[in-house]
Amino acid sequence: MESGNGLRKDDTQVEMTSMLDHESRDESGVQDLSSHEWTVGGSDRYDDNDLLQTVEWKGQTIKTYPLDYQKVHIVKWQIACCVIMFAVFGLSDQAVGALIPTLTEYYHISKATVSLLFLIQVCGYTLASLCNEKLHRMGGSRGAMLSACSLCIITYLLLLTRPSSFAVYAVCSFPLGLSIGILDSTGNVLIGSLLVHKNEWMGILHGLYGAAAMVTPPIASYFVKMGKWSTFYALPLCLSVLGLLMIPKAFQYETSAKYGYICTVHQEETSLDEEEEDAQAPGFFELLKTPAIVLYASYLFIYLGAELSTGSWLFSYLLGTKSDDRIKMSWVTSSYWTGLTVGRMCLGFVTKRVFNNEYRASQTYGMLTLFFYTLFVIVGWHDSARIWYLTCLFIIVFLCGVFIGPLFPNASIVALQVLPKNLHISGVGLAVALGGCGNAMLPYLVGLGLHFFGMSWLPVLCWSMVLCFNLVWSLYPRFIKGREEYL
């Protein structure tokens, strides 16, 4: 049944910060709001006060609202915070790849040693998977994002001083991995839970990551040329400070009490037969028994490994096998991140209009990614510094980025579609954090392989990872049951 403003009266879907409908309070202290209609004088015009609803739960006051950025202004600020922090991710992730040649020279270390930066980041991601749920229980989304953003600022301040020891520089990868793991999962759940245009915004969010990574190689090369390579970290530092200033206001209602309340309501919706509603989250090993979480984590592990291995080692690969012109090779490297940005921002709008769902879209994008990586392998075996060859390589690498780009945001949306609502934070948080380990571990292993077998093997190693994550994606319909409309 529709109310005067076009919202469904029986719509009780609850997302991370979604609107809940009123009813009388039950034994668990949760108010049911199903009898309340969101009408504002029969008009379609809203302000935040119209849609903000107060709920009393376990002696605490909670504010709920729909995750509709078109009607609730605070959601716009939350999206803006996520966009800013994903830009920080892009700058941070690609900084290592862009600075690998400089770090090996400055600290007098081998490529195998500098690869430890990726491995140390694994520890941060792993810790994020273990503490993400607890952080939300203690401080809500606001507390989790503030903690992670503060860690970024402290770390970038230290990196800005150009540590005299590589050991100090390497240790900084740990808090960055921790903070990125927390912010990454929180941002994916928020954007994936939007009531309108979530696919487009997911593409834009991850596209901004790609855009930041795209500009990193030429900017970092400029600072290296000036002899001030550590000054590059002033860019993510400034963005992190901006995020820290915005988060308290944008996430002012995302408290620990609200998180516990939403988890309770989710359990009521999915477990109507249970008498006790204690809102206890499933344990780590219990979550790993859920096929959707295991597949999502496995897919992200290999996908992120392929994406970052390509982006991080491409610059060194080009310098070692094609030309020693840093500026030219930085632009070829940027073509990959340019393609990734274009793919995430543009194909996000194509997905809903051409394909039945995000899963089918990613099947097609994944096969196209494999095709262009195959071309990358074939063309990469021929070494040349001629302009026609570099142009051809530029186009192929660009197209690799275009079709690998939307796979991550699409996978996040599919995960939210096939997972029960009460597992959105814990399940997605665990999968993103564990999958994010591939963001660090696989580039490290690739670095070892390149150290022992030579830089010319990079295209083959990346191609093998692309093949593997396509195989994992094909397993979704076989192991996930009861969600066939999304597969």
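Note that Cβ sites are derived from N, Cα and C of the backbone, with glycine treated the same way.
Marked as region 'Disordered' by TrEMBL: 1-33. If you look up TrEMBL, you'll see 79-100, 112-131, 143-160, 166-191, 203-224, 230-248, 293-315, 335-352, 364-381, 387-411, 423-446, 452-473 marked as transmembrane segment.
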Among the ranges 143-160, 166-191, 335-352, the one whose Cβ pairs under 8 Å to the transmembrane segment (423-446) are most numerous: 166-191
Residue numbers, six or more beyond the limits of the transmembrane segment (166-191), whose CB comes under 8 Å of its CB atoms: 16-17, 67, 78-79, 82, 85-86, 89, 92, 103, 107, 109, 113-114, 116-118, 120-125, 127-129, 131-132, 135, 141, 144-145, 147-149, 151-152, 154-155, 158-159, 198, 201-202, 205, 412, 416, 424-425, 428-429, 432-433, 436, 440
Selected stretch (most C-beta pairs under 8 A with the transmembrane segment (293-315)) from 143-160, 335-352, 452-473: 452-473
Seg_contact(the transmembrane segment (203-224), the transmembrane segment (143-160)) with at least 3 CB pairs under 8 angstroms, min sep 6: no
Recorded stretch, among 143-160, 230-248, 364-381, 387-411, 452-473, maximising Cβ pairs under 8 Å relative to the transmembrane segment (335-352): 387-411
Among 143-160, 364-381, 387-411, stretch most in contact with the transmembrane segment (452-473) (C-beta, under 8 angstroms): 364-381
Of 143-160, 230-248, 387-411, whichever stretch has the most CB pairs under 8 A to the transmembrane segment (364-381): 387-411
Stretch-level contact, the transmembrane segment (230-248) and the transmembrane segment (387-411), CB cutoff 8 A, at least 3 pairs: no
